[in-house]
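Peer 1: What TrEMBL records for 23-41, 90-108, 120-139, 168-198, 210-229, 267-286, 298-318, 324-341, 353-373 is transmembrane segment. Summarising the annotation, TrEMBL assigns domain 'Glycosyltransferase RgtA/B/C/D-like' to 69-227.
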């Protein structure tokens with residue numbers, strides 16, 4: 001019996017098969033296969049939630065119009081998924097899996113709409129080979145939903161620009177509005193659309209429809225304005241501080257060497273997010289875009305160009321996190337796919353090998369060690385460093401639960417000096433209690449806006465302090481007496497990872513946290 005798919009032809013034959021390939025079937029086979037791999041990763045017992053994921057989950061237990069640093073969508077998504085599937089890692093990451101799959105599907109449809117089903121298929125595969133897609137589709141952060149709604153918005157904006165009527169303008173506006181409730185950087189849709197229509201020379205014909213899109217999109221900004229009006233515009237101050245323009249930002253002399261170091265760190269991070277194996281294809285594709293200057297190619301490259309240039313400029317002034325611009329790169333796989341299908345057999349083989357390696361490497365990293373490969377000391381050490389921030393919280397929380405039972409502790413509140421630890425403890429502790437953060441030198445965060453430990457002063461309650469970094473709460477919180485303390489070591493794949501300090505204190509007498517000036 002002949003196999004359903006000739007995999008050798010599927011992956012390596014540079015020429016189309018005589019019979020028209022079922023690209024939709026191929027898409028779903030690859031996409032579902034990668035989803036299954038990420039589910040297996042999530043179910044690995046030694047892997048916990050990433051600390052940002054835990055924080056966003058805790059937001060879902062404290063619903064609001066907006067939060068200190070981000071819009072509310074991520075918290076409501078977590079609320080829905082954990083209400084259906086329970087408070088588990090898979091329930092939280094279900095959102096990332098769905099949005100990652102959705103982003104791939106929209107790229108597939110977009111490439112098909114612009115060029116052909118073959119281009120659309122390979123665009124989706126190239127996207128799924130890029131490290132930034134692995135990040136947004138594996139870990140549920142604000143980038144997961146942002147990237148999906150950005151991709152959907154630009155797809156529908158292109159259809160709106162090409163077809164008559166207002167249907168696609170309205171749908172694009174709605175998608176952008178939801179995207180704004182995922183992350184404020186969605187606002188870049190405003191200058192992108194304006195500049196594209198301006199260079200196209202059709203602003204006189206399309207300004208009314210463009211305005212309609214802007215008005216509908218602006219609905220998504222309402223929660224941001226309402227919450228910030230009620231909270232002294234904390235989010236705007238936070239964003240200004242990240243851009244190096246906050247009121248309390250320490251003034252330091254401009255250093256060319258430091259600025260260049262920050263820029264090259266930014267540049268290296270962005271190239272890595274695309275995949276170093278795909279860089280030759282990306283370079284040739286971008287060269288072709290500037291050579292041809294066709295409107296469809298300009299439309300696809302303009303968001304990435306504007307975002308990259310904007311953040312590159314900021315990188316000379318402040319640190320830019322590697323994930324900030326990545327949402328705008330979704331047009332690049334379509335451009336690469338459209339360029340490479342018309343090239344020689346050599347370039348088709350480069351594409352196939354680049355995609356294969358770029359997909360296989362993260363699979364090796366996230367899947368359990370089915371072979372001896374991860375037992376090789378350098379590989380084992382690399383895995384340990386890579387997953388350091390998402391390991392150890394579950395066993396640590398179980399130890400805290402055990403101590404509460406064995407020491408017969410009542411009226412307990414649990415706290416740490418970072419929102420990372422506090423959020424993870426809340427997720428993994430039995431009954432998921434609200435935890436607290438004792439600020440010992442950090443910048444402001446969401447915990448500063450919630451009821452704090454001051455409510456326990458003089459209430460004769462027991463406080464449990466848990467930290468990777470400190471031996472005690474120090475001068476920031478004074479208790480009547482220390483009841484118990486220990487050091488608890490956690491492990492990753494049988495190797496020591498780090499050691500936590502656990503202290504049990506009786507009766508908070510004075511609460512004097514560090515008060516940050518910066519946002």
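One is the number of the first residue shown, and numbering goes on along the chain from there.
Glycine too: its Cβ is placed from the backbone N, Cα and C atoms.
Annotations in TrEMBL come from automatic prediction, not curation.
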Peer 1: Counting Cβ pairs under 8 Å to the transmembrane segment (267-286), which of 90-108, 210-229, 353-373 comes out on top?
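Peer 2: Most Cβ pairs under 8 Å with the transmembrane segment (267-286) come from 353-373.
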Peer 1: Six or more residues beyond either end and a Cβ under 8 Å away: which residues meet both conditions relative to the transmembrane segment (23-41)?
Peer 2: 5, 10, 47, 90, 93, 97, 100-101, 104-105, 108, 117-118, 120-121, 124-125, 128, 137-138, 359, 363, 366-368
Peer 1: Are the transmembrane segment (324-341) and the transmembrane segment (120-139) close, by which I mean at least 3 Cβ pairs under 8 Å that are 6+ residues apart in sequence?
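Peer 2: Touching, yes - the transmembrane segment (324-341) and the transmembrane segment (120-139) meet the threshold of 3 or more Cβ pairs under 8 Å.
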Peer 1: In terms of Cβ proximity under 8 Å, which residues at least six beyond the ends of the transmembrane segment (298-318) contact it?
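Peer 2: Distant Cβ neighbours of the transmembrane segment (298-318) are 150, 154, 158, 161, 188, 191-192, 195-196, 199, 242-244, 259-260, 262-263, 265-267, 270, 286, 289, 324-325, 327-329, 331-332, 334-335.
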Peer 1: Give the nonlocal contacts of the transmembrane segment (210-229) in its own chain as ranges (CB under 8 Å, at least six residues past its ends).
Peer 2: 64-67, 71-72, 157, 160, 166, 169-170, 172-174, 176-181, 184, 186-187, 189-190, 193-194, 197, 203, 235-236
Peer 1: Which stretch from 90-108, 120-139, 168-198 shares the most C-beta pairs under 8 Å with the transmembrane segment (353-373)?
Peer 2: 120-139
Peer 1: Should anything in the same chain at least six residues away from the transmembrane segment (90-108) have a Cβ under 8 Å from its Cβ atoms, list it; otherwise answer none.
Peer 2: 27, 31, 35, 38-39, 42-43, 49, 53, 57, 74, 77-78, 81-82, 84, 120-121, 123-124, 127-128, 133, 136-141, 144-145, 147-148, 151-152, 155, 330, 333-334
Peer 1: How does the model score the domain 'Glycosyltransferase RgtA/B/C/D-like' (69-227) in terms of mean pLDDT?
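Peer 2: Computed over the domain 'Glycosyltransferase RgtA/B/C/D-like' (69-227), the mean pLDDT is 97 on the 0 to 100 scale.
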